[in-house]
């Protein structure tokens, strides 16, 4: 286990350095968002090629690969049509002469640290060569499928809305966005809790709960909802929407 974790850490550091160089060449730190999902795909490919191929691990590789590949493709295509994401641009301006080292540590190296924690369920399944699919694994898979659907549909609805809206102050309040302000985050949270549930029956599977707990915390209180909604602090339409709509977890009784 120690050697495997060390190898993944070294792989992650090399991956972070690569994307940091890309960010310098493109002058876009939001490339880190593209790298996020693909980092997990890389871990799954690495484990698969090194012979970690139980039924349970293959299931997890496929689910994580679908999530990470789709997310990176979606973000990459979206970002290619606009300037650097406002959150990263604000950091660029705030960091001034300290931009390079803070960018390297606070964006890319921090991302490796987060990746190591979130990928715990993936590594656990890889280590258990005799792990088999169970009823709980099936429930976790169902939870993941619901979350994947929720995120994909939410992203598509938002992309379509941005193409047809006539005013940038307009706020999407239909479809899944009627039930929560960030249905894509809800889908993300569901998927990682699903992955953790798949791993839970394994020896030490409870350690994998650190993964969805961290994802949930980050999206609810750090880099997700708080940072994104600061941008709409002066948007009256969004403030009215905010009053009647929960942030992430849907309230299905909303009319």
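Backbone N, Cα and C define each Cβ position, glycine as well.
TrEMBL lists 6-25 (among others) with the feature transmembrane segment. Residues of the same chain lying 6 or more positions beyond the ends of the transmembrane segment (6-25) and with a Cβ under 8 Å from any Cβ of it are 31-32, 35, 39, 42-43, 46, 100, 103-104, 107-109, 111-112, 115-116, 119, 123.
What TrEMBL lists as transmembrane segment is 34-52 (among others).
The list of residues near the transmembrane segment (58-77) in space but at least 6 beyond its ends in sequence, with Cβ under 8 angstroms from a Cβ of it, reads 33-41, 43-45, 47-48, 121-122, 125, 133, 137, 141, 144, 148, 151-152, 155, 191, 194-195, 198-199. According to TrEMBL, the feature transmembrane segment maps to 58-77 (among others).
Residues or ranges marked as transmembrane segment by TrEMBL: 107-127 (among others).
What TrEMBL records for 133-153 (among others) is transmembrane segment.
Sequence annotations record features per position, and here TrEMBL assigns transmembrane segment to 185-204 (among others).
Among the features that TrEMBL reports, transmembrane segment is placed at 210-228 (among others). With a cut-off of 8 Å between Cβ atoms, the residues of this chain six or more beyond the transmembrane segment (210-228) that come close are 87, 114, 117-121, 181-182, 185, 188-189, 192-193, 195-196, 247-248.
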*Apart from its near flanks, which chain residues at least 6 from the ends of the transmembrane segment (107-127) lie with a Cβ under 8 angstroms of it?*
1, 4-5, 8-9, 12-13, 15-17, 19-20, 23, 29, 32, 35-36, 39-40, 43-44, 47, 52, 54, 56-57, 59-61, 64, 88, 91, 192, 195-196, 198-199, 202, 204-205, 207-208, 210-211, 214-215, 218
